[in-house]
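Encoded as structure tokens, the structure appears first; notes follow it.
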Amino acid sequence: MPRVLNIGSLNIDYVYQVPHFLRGGETLAAYRRAIHIGGKGLNQSVALARAGLRTSHAGIVGQDGTFLKVFLEHEGVGVSRVAVDPNEPSGHTFIQVVPEGGENAILYYPGTNVRLTPEFVKSAMDDFGEGDALLVQNETSAVRYSIEHALEKGMRVIFNPSPFDSQAPLLPLNRISALIANETEAEGLLGLEKKEKTPEEAMDIVAELGRRYPDTVILVTLGSQGVVCRMPGFEPDFIKAFPVHPADTTGAGDTFTGFAVRALMDAWEKKDAEEAHAVLLEGLRFAAMAAAISVTRPGAAESIPYWKEVDEAMRDTD
């Protein structure tokens with residue numbers, strides 16, 4: 001099976017349980033602190049590996065984040081392209097969580113995530129080429145170079161424009177193989193008003209994205225509703241989410257992304273378009289189930305299921 005290189009963020013999350021959000025000029029004592037692994041890049045690499053893909057991660061951590069590298073290696077992710085910067089702390093968040101409804105306030109410092117340079121990216125892609133895939137998010141530096149260099153090498157590029165910014169629509173999205181976005185990011189790419197969409201409205205958004213990027217597979221996730229998929233040469237399809245009682249939705253989107261990449265890779269191996277389309281839709285049902293399982297568990301990377309768990313859950317629905 002072809003390999004996937006994920007260029008993405010690696011974060012440390014410092015979570016503080018507090019009686020109320022900190023106010024200006026106030027010193028407040030937290031009554032509990034927890035440290036978690038985080039970052040969309042890390043979560044998605046874990047999801048890729050647990051979906052059964054040969055996965056390597058490229059990114060940078062500080063001396064404080066070497067345990068993130070150890071965690072990925074334990075998950076079976078290749079980490080030879082994860083560098084350690086001795087002069088800059090890892091990307092990290094300070095998260096305040098209050099008792100009422102579990103609301104949070106987050107302060108984020110990107111740290112080493114924005115230390116990626118074109119030279120670093122070029123070196124990370126050295127032994128990747130045609131048939132392999134690049135997954136890239138929007139949390140690190142050198143995103144444009146990552147996409148363009150991968151395209152030059154004949155790699156398939158899968159872009160997740162999260163977090164969305166004004167530069168995302170300026171990237172060469174007409175040349176990438178797949179775009180995976182939530183509804184807010186999809187609206188941002190089209191310059192539309194950001195509001196919750198029905199599946200029917202999302203179908204229209206996906207169709208418009210398909211007109212802009214006709215050779216790109218478009219996936220737009222709708223949270224608990226499901227996902228809309230548009231494969232070149234086919235009308236948009238809606239894959240309904242599996243109903244569950246969520247305990248923690250953190251990381252659900254990253255779980256879906258990892259398993260959706262597995263669906264894409266499986267589909268791209270098929271020469272017949274109709275067969276590829278059928279394989280993609282079935283794979284996206286697996287991705288939807290993986291996301292559904294993840295929200296029933298606490299945490300982000302820790303909540304991501306393994307392929308065997310998803311397969312068993314799918315058998316139970318038949």
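Note that Cβ sites are derived from N, Cα and C of the backbone, with glycine treated the same way.
Database features, via TrEMBL:
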- 2-305: domain 'Carbohydrate kinase PfkB' (DOMAIN)
- ASN11, ILE12, ASP13, GLY39, LYS40, GLY41, LEU42, ASN43, GLU139, ASP254: substrate binding site (BINDING)
- ASN182, THR221, LEU222, GLY223, SER224, GLN225, GLY226, GLY253, ASP254: ATP binding site (BINDING)
- ASP248, THR250, SER294, ARG297, GLY299, SER303: K(+) binding site (BINDING)
- ASP254: active site, proton acceptor (ACT_SITE)
Neighbour tally for ASN11 (substrate binding site), based on other Cβ positions within 10 Å of its Cβ: 29
Distance, SER303 (K(+) binding site) to LEU222 (ATP binding site) (CA atoms, angstrom): 20
Among LYS40, ARG297, the most crowded of the binding-site residues [Cβ within 10 Å]: LYS40
DSSP state at GLY226 (ATP binding site), helix/strand/coil: strand
Cβ packing number for GLY226 (ATP binding site), 10 Å threshold: 20
Extent of the substrate binding site in Å [max Cα distance among ASN11, ILE12, ASP13, GLY39, LYS40, GLY41, LEU42, ASN43, GLU139, ASP254]: 16
Between SER294 (K(+) binding site) and ASP254 (ATP binding site), the C-alpha gap once rounded to whole angstrom: 10
ARG297 (K(+) binding site) versus binding-site residues ASN11, LYS40, ASN182, SER224 - nearest by Cα: SER224
Most crowded position, judged by CB atoms within 10 A, among ASP13, GLU139, ASP248, ASP254 as binding-site residues: ASP254
Recorded ATP binding residues, ASN182, THR221, LEU222, GLY223, SER224, GLN225, GLY226, GLY253, ASP254 - maximal Cα separation rounded to whole Å: 16
Candidates GLY226, ASP248, THR250, ASP254, SER303 (binding-site residues) - the one closest to GLU139 (substrate binding site) by CA: ASP254
Length of the line joining the Cα atoms of ASP254 (ATP binding site) and ASN11 (substrate binding site), in Å: 14
Cβ neighbour count within 10 Å of GLY299 (K(+) binding site): 17
